[in-house]
Amino acid sequence: MADIAIAPRRAKTEIREATAWDQLKHNPNWLGFWFMVPALAFLIFFLAYPLGLGIWLSFTDTRIGRVGAYVGTENYEWLWDDAIFWLSVFNTLLYTFVASAIKFGIGLYLALLLNENMPFKAMLRALVLIPFIVPTVLSALAFWWIFDSQFSIISWSLKQMGLITENINFLGDTTWARICVIFANIWRGVPFVAITLLAGLQTVSPSLYEAAILDGATSWQRFRFITYPLLTPIIAVVMTFSVLFTFTDFQLIWAMTRGGPVNATHLMATLSYQRAIIAGQLGEGAAIASAMIPFLLAAIMVSWFGLQRRKWQQGESND
Amino acid sequence: MSSVQIRDVRKSFGNFEVLHGVSIPIEDGEFVVLVGPSGCGKSTLLRMLAGLENITSGTISIGDRVVNNVQPKERDIAMVFQNYALYPHMTVADNMGFSLKLRGAKPDEISNGVKRAAEILALTPLLERYPRQLSGGQRQRVAMGRAIVRDPQVFLFDEPLSNLDAKLRVAMRTEIKELHQRLKTTTVYVTHDQIEAMTMADKIVVMHDGIVEQMGTPLELYDTPANQFVAGFIGSPAMNFLKGKVKSNGSAGFEGPNGVKLPLKTAPANSEGQPAVYGVRPEHFTIADDGAEAEIVVVEPTGSETQVFAKLGGEQVVAVFRERHQFSPGDKVRLKPDPSLVHLFDETTGKRLNG
């Protein structure tokens, strides 16, 4: 009895040392990592792996049906001396800059228009979205017919009006073909720009405009000094996306011209597809696709600086 | 500076009329407060004055000029908005100088104007900040600065203090009043807060459901409210209303709910037996032996005064005492309204019956 009473009751009072595993279990970072795993796996399998594979392929001479060997930068050296590749680079830059600039202009104009109070506003907003909803290939086919060398409705109308005597060879002439694909891309891209800018316009408090009216601003001055500066963050986002989409465009071109005539509308994406899949030269096609990366990175860098929070957007700092 | 005349102004949105013929004369240099519950049309009237809303009928003139069809920027008014409406992408100085810049003023003219207004409002150290970097009270001052820079004929304020916390609201109230005393610019100020109206106004206009209920100095409205609405709206805690009828038994008197006897100084002529509403402000009750018996429900001491909620003839009333009584819930007290300070209103029209 006495022994028991004296013996320290260690078993119950002692606190167990936390093991490394215990600490890990309660570590929010460790837990957070596991929550991220599904998303991470998705990104790795569907984005990082194809990208890595594409870059690897561009350093091999893989062809369809044959495992390639590592050839270093041979594919790139080839492309460096390939006039068609450089033509496609030129086409892509032309296509991207002209189409994006016009999409921005028309999109901003439409957004400002749709932000006004007018009858059937909701219906007009829905109508603007139509080109965006129609599948790209479908609208490309429609444009293919509109610009057809024999059955073009434009040629037909102009002939009926007596303005021309012969059909315009829209997709057969190099200049016309470029104009036509750019036009189709603009038609398709404007809704995205317009609706996103409209969303941005609606975040501008109406009382700012009222204050500006009382301050004596004309409608142009209200745009210039209130709307435009407040919209710049949204413009940066929209135009980054617009440039990225346009630069990597494939469907429209492929359905309308397949890069022709005489490669006048070949973009880097279509040329890559033609070399890799049609001609089977996977390595060379991958090299063309990989050559787009520096351009896209440059576009992202521009937008990254554009997206930096402006000084007036920052909170309670004292600088 | 100039006077403002609002004559029989009406405003309809579609078929819905929100202002039913409002006339308000505003003298040169006067501080007029439009007060009323939300939806009474006070903000609409202010926006019509600014030119942000069309006038359906009637006329508004600023100085000698009818401004119904004058563009907002030509009216020579400046407005302070409830949410301040500061341009977020401009510094304080640019915000304040924007109207001058649009007018085509020279850079040194703009900076002088901004500097002068900034000194008046103690904004000089903040001129290079952006609105986001300012506190609520500072933003409020910038909004006023933007108005001062323009040196307008009339200042318009649309609930400028409602986004501030209670303490700051009191401080800004004093600041605005002081500013008006200094600049002497005609001011129209809209608020739903009767305390703001009472403390700041030269003239209060009480609005309700699109009409003017009463116009007058703060103390006129407090002492002789024209109707039951104004009586209930002005004063805090609100006036107590007890239904009953005039019943003089030798001397003038009033029979309240459940036969409670309440004193009247004089009964209106030919009013014996007339149903009416008896109004007494909480601060006009005293404890007296000949008062009506009431049972105390809740006691709320605030330090400077004590609010007592009590049942009088079955109706809850509130009384405010400056002196300290030892009350506790359930106590019976005798409450006596000061007969010279009670109000009598018509039961149906709500119009004031006694002089």
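The backbone N, Cα and C atoms fix where each Cβ goes, and this holds for glycine too.
TrEMBL lists A:33-57, A:83-114, A:126-147, A:176-204, A:225-247, A:286-307 with the feature transmembrane segment. According to TrEMBL, the feature domain 'ABC transmembrane type-1' maps to A:89-305.
Sequence-distant contacts of the transmembrane segment (A:176-204), counting only residues of its own chain at least 6 positions beyond either end whose CB sits under 8 Å from a CB of the stretch, comprise 91, 94-95, 98-100, 102-104, 106-108, 110-112, 114-115, 125, 128-132, 136, 139-140, 143, 147, 168-170, 226-227, 230-231, 233-235, 237-239, 241-242, 245-246, 249, 252-253, 256-257, 260-261, 264-265.
Among A:33-57, A:83-114, A:225-247, A:225-247 has the largest number of CB pairs under 8 A with the transmembrane segment (A:286-307). The list of residues near the transmembrane segment (A:33-57) in space but at least 6 beyond its ends in sequence, with Cβ under 8 angstroms from a Cβ of it, reads 68, 282-283, 286, 289-290, 293.
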